[in-house]
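Copied over from Swiss-Prot, here are the features:
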type	residues	note
BINDING	ASP44, 158-159, GLN180, 258-266, 273-281	NADP(+) binding site
ACT_SITE	TYR49	active site, proton donor
BINDING	HIS112	substrate binding site
Amino acid sequence: MSATGRAPCGLPRIGLGTAVQGPRPDPVRAAVLRAIQLGYRHFDTAAHYATEAPIGEAAAEAVRTGLVASREDLFVTSKVWCADAHRDRVLPALRRTLSNLQMEYVDLYMVHWPVTMKAGRFTAPFTPEDFEPFDMRAVWEAMEECHRLGLAKAIGVCNFSCKKLETLLSFATIPPVVNQVEINPVWQQRKLREFCRAKGIQLCAYSPLGAKGTHWGSDSVMDSGVLHEIAKSKGKTVAQVCLRWVYEQGDCLIVKSFDEGRMKENLDIVDWELSEEERQRISKIPQRKINQGRRYVSEHGPYKSFEELWDGEI
């Protein structure tokens with residue numbers, strides 16, 4: 001059982017993120033094993049992260065050593081990268097993912113971005129010539145085939161606006177179960193949350209702490225004076241206050257830390273709650289999206305502005 005429960009769609013409420021800079025298989029493998037011991041059951045990866053193989057190794061060892069009874073006790077999520085967001089490349093991409101993971105299926109397979117690149121473009125920097133128009137219908141039909149074949153128990157999307165979800169739902173035979181997007185106290189996603197609830201789509205938060213330390217991240221979440229004051233008054237860390245806030249919205253969340261102490265802290269958000277006054281203070285924090293997808297916007301590409309990429313929703 002997951003230490004933190006599951007959403008109605010079956011997605012564990014708290015997952016371990018594994019997007020790391022550079023090839024680091026040993027730390028990822030060790031961190032996943034320790035996370036399983038601590039109670040994590042959801043592990044979030046992607047073809048673009050290059051961490052699928054160590055997650056698969058850790059999962060196999062966890063089953064072999066009895067940390068979990070079987071593969072079915074774990075929930076593994078991966079994502080198809082933009083270079084494989086083509087009708088004829090989605091299924092082969094998932095088969096490679098499964099080979100990396102040494103698994104017969106993933107629990108959730110998602111479209112990483114509503115973006116298509118030329119085949120083979122996996123590493124930045126990207127040029128305008130690398131981008132092609134995103135054929136949402138073709139890509140989603142390929143995702144549905146992955147589900148029908150039993151290779152993905154569920155399918156979803158990442159970084160989709162309300163407008164893009166509306167378009168997808170207009171033709172999808174199998175609707176997306178999850179939309180994984182940036183959510184934190186500095187980017188609260190009220191409109192998107194309301195839309196997804198109405199449509200039965202589970203939100204899952206990435207960068208719930210603001211992705212401090214990444215090339216695109218920000219200190220604005222962890223350095224928030226409001227969050228520091230609330231944390232001090234409750235005897236919690238700022239990270240715990242952020243994660244608890246996301247948790248109270250009904251969202252699932254992905255949090256990345258390979259430090260054992262912080263991994264434990266990040267699970268300790270379930271048996272306490274924020275007061276109404278604290279929620280109100282957080283609701284008034286000025287809003288600013290941190291991960292704007294800058295590298296996918298180009299005057300010569302399909303998305304010529306942030307307005308086009310996010311449909312005016314940032």
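Here the Cβ of each residue, glycine as well, is placed from N, Cα and C on the backbone.
Shown on the structure are the features that Swiss-Prot records.
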residue : record                    : DSSP (3 states)
ASP44   : NADP(+) binding site      : strand
TYR49   : active site, proton donor : helix
HIS112  : substrate binding site    : coil
GLN180  : NADP(+) binding site      : strand
GLU260  : NADP(+) binding site      : helix
ASN266  : NADP(+) binding site      : helix
SER275  : NADP(+) binding site      : coil
ARG281  : NADP(+) binding site      : helix
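Rounded to a whole number, the C-alpha distance linking ARG281 (NADP(+) binding site) with HIS112 (substrate binding site) is 33 angstrom.
When Cα-Cα distances from the residue listed as 'active site, proton donor' are compared across the binding-site residues GLN180, GLU260, ASN266, GLU278, the shortest belongs to GLN180.
Each residue contributes its Cα atom, and for MET263 (NADP(+) binding site) and the residue listed as 'substrate binding site' those atoms are 25 Å apart.
Between the C-alpha atoms of GLN180 (NADP(+) binding site) and HIS112 (substrate binding site), the distance comes to 9 Å. Most Cβ neighbours within 10 Å, among the binding-site residues ASP44, HIS112, GLU260, MET263, SER275: ASP44 holds that distinction in the structure as shown. Fewest Cβ neighbours within 10 Å among the binding-site residues GLN180, ASN266: this applies to ASN266.
Cβ neighbour density within 10 Å is lowest for ARG281 among the recorded positions TYR49, GLU278, ARG281. Note: the CA-CA distance between the residue listed as 'substrate binding site' and GLU278 (NADP(+) binding site) rounds to 33 Å.
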